[in-house]
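Beneath this line is the structure, given in structure tokens, with notes to follow.
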Amino acid sequence: MTSTSPAKMRSALTATELKLRRQQRRGAAIRYAVLLVFGLIMLYPLIWLIGASFKTNSEIFSSPSFWPKEPTLDGYINGWQTSTPYTFARFFMNSALIIIPKTIGTAISCVLVAYGFARFEFPGKRILFGTVIATLLLPNVVTRIPQYLLFRDLGWLDSFLPLWVPSAVAGDAFFVFMLIQFLRAIPRDMEEAARVDGANTLQTLVFIVVPMLMPAIISVCLFQFMWTMNDFLGPLIYVSSVENYPVSLALKLSIDTTEAFDWNQILAMSVLTLAPSLLVFFVAQKYFIEGISTGGVKG
Amino acid sequence: MGGDNRYLGLAYVAPYIIGLLVFTAFPFLASLYLSFTDYDLLSKPEWTGLDNYERLMTRDRTFNKSLRVTLLYVFMTVPLKLAFALLVAVVLNYRLKAIGFFRTAYYVPSILGGSIAIAVLWRYIFAEVGLVNMGLEAIGLEPVNWFGDPQNALFTLTLLRCWQFGSAMVIFLAALQSVDKSLYEASSIDGANKWHQFRFITVPLITPVIFFNLIMQTVQAFQEFNGPYIITDGGPLKSTYLLPLYIYDKAFKSFDMGYASAIAWILFVIIMVLTLIAFWSSKKWVYYAGDKRS
């Protein structure tokens, strides 16, 4: 016989196929290993932070391991008390008092405005939409000083109003932009049907658009929660008395007032400061990823 | 919607218009005006013409130093962060099963990034006897004076922002996943290798996202405040004294509102000019596919 038998050919093929598959598997294994090691290096500071918050002060700077040799809650107990007349409970309360009204105001105003832009024609719309993009790129640093003077003249300093009010009038252009992007992707059939049935535009918004837009609205709320929780400069400028401090300012205060060697207190309070954001992120991460991929995000 | 009053839409965007006028447009113009005045909060703003700008440009050595540090910081942070984000996104984009897990893991630092607690953490792990130096010593390297040495301090702050490449990465990843796979198959039949594919297919198709990330990250980097404020307080020897810190000190510590506004305006003009250059140059390098939304 001059030609090879079909059976032989098949086995030859599977041999090269096997080789190829082995190569692919090796490639994937290498990629996984690199990603894993790299990820570990990236996340190790956070892992270390959690471990170190349970360490004694003498141990913190003596070994790079995250595992505490003599676990202690001292950092949490003493850190929580702070050197002020207030405990961290008060500061978390203040943070909540800033975040909740701000987030609600943001969600309502941004939905109304995005609906206006995405579903209506009106005079000056193009220019106004242009200002949304311009505001998106406008550095806050250039408006901060007159804003401060404005709030001072209104008598709003050392209250939460300067932190709430700009957001309650759709001041965060990024969210308006993100919601418009989402709205453009939603077909209008349902809304038009509702209008034919006699619903006015507000009813259409509340009963038809909002339910469909819910994932995007949740994204907006989550981002606003996260950013407000992390915001430092806003409270630093506007909130001056310790009783009104949110956690970000309280943490800075702990650094400034804690005795030089009480590291575990500061680390423990850092963990608590990060905990709400981490928790929310892990519970709702799909909304973050969606929000980011649609609107693009800072951070 | 058809048949509606043409002013109805205006009613819906009314909150935005109010906010725009009161909290953006008015402060924007007011800060321009203030930058030409001397204003210490106690007496009325006093018009001084170009005095503030003249002082900044010719006599203020702190401003000079601060401006140089800021530009250096931005030009280090932005390219490094974006290159990192793109590289990791490309690796993740190989059809890996655990893509969701890694995407989450790499995104976590971005989520927490702005927090004061992270700045605090940075201070601890880059301390002279901190985690990083302990690690270096464990593998037999010399410890580095990360924040104490003016040569290194700015770079250590840059590392903090590069560590937060996650959000840029997620945006890159979304763009990479929308690239038509058949393009790769066709090109590999034509004999293109992985690098050619990346260079001539992937990169051109994701230029809109590169452009977007570039602009957002640059605008942000110019406004960095928390890191230097908490970690180094601008030091040592003002080597991390970024312009936003200088503005803050002038405005809210020495209450020199006019002068601080002038610095803010110079910073704004720099950001604006760079943004305009980016937009102008984008016609040459950003590729928009005909039927895609930008």
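Even glycines carry a Cβ here, placed using N, Cα and C.
Now, the feature entries from TrEMBL:
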type	residues	note
DOMAIN	A:92-284	domain 'ABC transmembrane type-1'
TRANSMEM	A:29-51	transmembrane segment
TRANSMEM	A:91-115	transmembrane segment
TRANSMEM	A:127-151	transmembrane segment
TRANSMEM	A:163-183	transmembrane segment
TRANSMEM	A:204-227	transmembrane segment
TRANSMEM	A:266-284	transmembrane segment
If we call contact 3 or more Cβ pairs under 8 Å (sequence gap 6 or more), are the transmembrane segment (A:163-183) and the transmembrane segment (A:91-115) touching?
yes
So are the transmembrane segment (A:266-284) and the transmembrane segment (A:29-51) touching or not, going by 3+ C-beta pairs under 8 A with a sequence gap of 6 or more?
yes
Going along the chain, which residues at least six beyond the ends of the transmembrane segment (A:29-51) come within the CB cut-off of under 8 Å?
64-68, 267, 270-271, 274
